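Visitor: Quick one: structure below, then a few questions.
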Amino acid sequence: MKWAVIVFPGSNCDEDAQQAIIRVTGDEATLVWHQETSLADYDAIVLPGGFSYGDYLRSGAIARFAPIMKAVRDKAVQGTPIIGICNGFQVLTEAHLLPGALLRNRDLHFHCKMVELRVETNRSPFTAAYQPGDILRIPIAHGEGRYFADSAILHELQEDHRVAFRYVDNPNGSSESIAGILSKERNVLGLMPHPERAVADFMRSTDGAGVFRSIHQYVTEREGAHAH
Amino acid sequence: MTTYRAQVRVWLKPSVFDPQGNAVEKALLTLGFAGIEEVRIGKSMEFLVTADNQESAEAMVDRACRDVLCNPVMEMYTFTLEARQEA
Amino acid sequence: MTTYRAQVRVWLKPSVFDPQGNAVEKALLTLGFAGIEEVRIGKSMEFLVTADNQESAEAMVDRACRDVLCNPVMEMYTFTLEARQEA
Amino acid sequence: MHTEPTAEQIEREGIYRSLGLTDAEYAQVVEKLGRLPNYLETGLFGVLWSEHCSYKSSRIHLKKFPTDGPQVLQGPGENAGVVDIGDGIGIAFKMESHNHPSAVEPYQGAATGVGGILRDIFTMGARPIAFLNSLRFGPLDDAHTRYLFGNVVAGIGGYGNCVGIPTIGGEAVFDPSYRHNPLVNAMCVGQLPADRIVKGAASGVGNPVFVVGSRTGRDGIHGATFASAEDPHAKERSAVQVGDPFLGKLLMEACLELMATGAVVGIQDMGAAGLTSSSAEMASRAGGGIEMMLDRVPCREAGMTPYEMMLSESQERMLVVMEKGKEELAFQILRKWDLQVAEVGRVTDDGRLRLYFHDEVVADVPVRLLVDEAPVYDREIAAVYEPPGAHVALPPDPVNYQLELEKLLAHPSIAKKQWIYHQYDTSVRASTVFGPGYDAALVLVPDSEKLVAMASDGNGRYVYLNPRVGGAIAVAEACRNVVAAGGVPLAITNCLNFGNPEKPEVMYQFSQAIEGMSEACRALSAPVVSGNVSFYNETGGEDIYPTPVVGVVGVVEDSQLATPSEFSEAGLAVYLVGNLSDGLEGSLYWQMKAQQAAGDAPSFDLATEVKVQRFVQRAIREVGITAAHDISEGGLAVALVEMVEETAPIGMTVSLPAGFQLPGVLFGEAQSRFLIAAQASKENMLQDLAFTLHTPLLRLGETNTSGELVISIDGESSPAIQANLHELKKIYTSALENNMNQSWR
Ligand SMILES: Nc1ncnc2c1ncn2[C@@H]1O[C@H](COP(=O)(O)OP(=O)(O)O)[C@@H](O)[C@H]1O
Ligand SMILES: [Mg+2]
């Protein structure tokens, strides 16, 4: 299968994501420049972390207008798995592909450290390799990661089992300790922690590998099904 | 064409916690500014808009606010426009 | 004692570079908002002040601006005060 | 717009003084130039002959540093030094101070410091891989200090996090000496192919010269001149420089792409003194000249004069010399990254810096005179240096040693620094093997088994008490950190933060510290490849502690050798490498008791230093040990607590031989010592190795499951310290945060 990792001006986890994909799945992963307009060739899309457009105004606010985002939208409609990590999550909410918003951390500080996440659902292309209730160790690195949504949305997320991950110990003041959420069709995931930084022993955790493995399995199985 | 000076104010909805406002309020208190409360911190944006008339300038600024400058999920905005005095 | 609503605007001195305003201006341009220029982004702060009278409220806000809200090395401020209507 | 003074007015009214030239310097300019310089020209000399750009007070002393070695690919003189780590890989690194700007506007001062050092690294053609930072502030009980420190940390993170380079090491010291003059030193490390170092030389007559990046504004004019001015508030007269890390990141990517094409002849960041220093220094390195049409410089504000353009310190700008005919290639790359570029001039061979504005020559001066013939001062050095801690009486023995240990662990200089580094992205680039919290940071080198090791260190108190020994200790300690993590130190960079060089005792500190550093560099085979001097760190006549900060880069040959500074298992043997000592000289403990720096510098011997470092290197390689940590501030007791991993449910029993004074043996800071922990099965081999290498090695005790730290003296009935380790760790971990939770905004 083929992965696209979108590169916005200011993305800085693009290569990390690419390397993690290659390390975990052995798949082909291509960096795709934000000025491109088609993603037709790709089976999975990653919006990586970083500071797209410097995170000026609001994080993700300017990136959502990039030419590539029209193609991302189209792929979302087609059911292609799309994962937004950190800044990618922020871009996805600004682009209304995911509900809610990510605000400045409760204590106003940037936080970079290993945190524990609880897997809330494995019914998604991103979490199938885990069991609900699994505790994962994955680093966070963000200043604006406080997930916010109004109560109706929070209720809906809860009802539809669309909260993918929660923090065990809320580091940033996110509503209901939410660390990652799924779209209605469950093929778009946004999460603040960085699974691509937890895929090798030297990183002190390999718990993030399951995210990439899940996507790989989902896509290859789906391809298998189509072939029939 | 006329050039207007626009002043946009964007702030968090009342239901959204504003940690910055909170921190400043605390700081003011410890520094002895008794009597200051409910501090909220938002953004103030200023720019020049050139348009045919006030109406179309207003429409443009409003669209900029809705599309870019403000995220309605958590923010609100107001703005004022003022024809620029010639230098 | 009267309670006033204060609105403070803080912005970078004209000679100080505003990277944020600069980036937003560029973004607006590429999004087709032709005619918007010289974008500068500052802070807008709102709070309640309770004081004996307008004068002492003003003095307090001014001091808060100088001591806490504004960094005089690179920023400037203005504010308005308005007696709060009773609920 | 007011008009500029004429050349005659400048001479008659002494206006050159406000541009940074002394009477003698101005006379020298007039004589060598053979005429009176105009306002712009006087300004050029003012900044290039400033302390900051010309190193006029330090130059003759810096020459004493050893700078050669087989591992050195690029020594001092370029934008950064480069060492060879083998496998065709070069590591570029440099450290720089941003003390004065950070005191005026802490967030932007620190952020622009990081941006500047970043550009120094990537202009060498190196991909930046890590940042470190060394911070010195006054005590945190002062709200303004908390404001400065908090914002400096935020600014370092703000820039580094945004450009996506991990900040993985550094140090932070809090001492009254820095209350009015905080130090903010930033270091950047980058990786490049060893045979593709890009230089900052403007060569090739006729080659076009470009300004790339941000537009030029009126910010920071005279920054370089005033960094050397006595009145720190003079700096406020110029606008504060604001960093744009987003643009910094684009510039980095674009320049690396540009340099990879091979079409870049020379490139330099417009740092201090902006366009002036970059153009003049690049021309000087090539031994040629440069001419520029200033009308073509993209400006942020209307009506900027040539003077303002040449002296502006607007951030995120580069001066690039391209090979003629390859311009289109450059334009393509820069367009892709949405960066502004303007061709502003060309390389000449007449050795002159010639500037045009509206088709008129507005400045025309010899490059040699601007750069190479800048004044050099052999400033007066005090004949005697009254050792400032010699007369201080030893403190009486304390009643409760546990309490003293707790006080040391809670001192912000010793306490765990996670409040700082949790605000830094330490894992971006996904190659951090050891981040902050270890003795040295380790980073993976792609396509290689090797790791790059780096650390920064420097103890101003030691240098103050004994400049020569203190200088040597700074180098030794920095190298020791790399050794503890499993590395071999290769070379160092430094920031020499000192007081007013016009004072003979400051020059004594300076020259002696350099002597000491040089001795240690030679003994440890770690030459100096880059560095920076910051003078005039004084307020109201009070100078800071003379504070040379050393940044060291080394290599870990194989990731298997990476050795942590902590352990978490029971059943390990704990050893002291080096001598047991009970001297309190220069220790933080004595300073806390005496309320001033006390005694001499800690005992230090270079031969012993070399020996213990060799021993630990071989122990890691040949025996395999679980953890290694150097003993530094706070002494043996603090180092023991530091070595226990925070959440480990273990205890440790240590017994010390009789015959040593208690406070000294626990809290003394005698140098050249490591603690190492090893499995029982390795003990024989360790002892054999120590015997073979004639290295003092003392078994202190072992770890267990008791959860307690017990330190006793042989023959004494009750232990000197018996404390819950978990509680001690809590004090150590939370102290800095507790200090910063007081209001500082
Ligand atoms: N300003 C800082 N930035 C990043 N890391 C820091 C900073 N200060 C301290 N650290 C990290 O905290 C750890 C302890 O620092 P320090 O007490 O100076 O160590 P030592 O005294 O053993 O050299 C080191 O890993 C260091 O890199
Ligand atoms: Mg320490």
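Each residue, glycine too, has its Cβ placed from N, Cα and C.
Okay, these came from TrEMBL:
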type     : residues : note
ACT_SITE : A:C86    : active site, nucleophile
ACT_SITE : A:H194   : active site
ACT_SITE : A:E196   : active site
Visitor: Tell me the Cβ neighbour count for A:E196 (active site), meaning other Cβ atoms within 10 Å of its Cβ, over all protein chains shown.
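Guide: Here the count is 33.
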Visitor: State the three-class DSSP label for A:H194 (active site), counting H, G and I as helix, E and B as strand, and everything else as coil.
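Guide: The residue in question, A:H194 (active site), is coil (DSSP, three-state).
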Visitor: Report the same-chain neighbours of A:H194 (active site): residues 6+ apart in sequence with Cβ closer than 8 Å to its Cβ, ordered by sequence.
Guide: A:C13, A:D16, A:G49, A:I85, A:C86, A:I138, A:P139, A:I140, A:A141, A:G208
Visitor: Please work out the number of neighbouring Cβ atoms within 10 Å of the Cβ of A:C86 (active site, nucleophile), leaving out its own Cβ.
Guide: 30
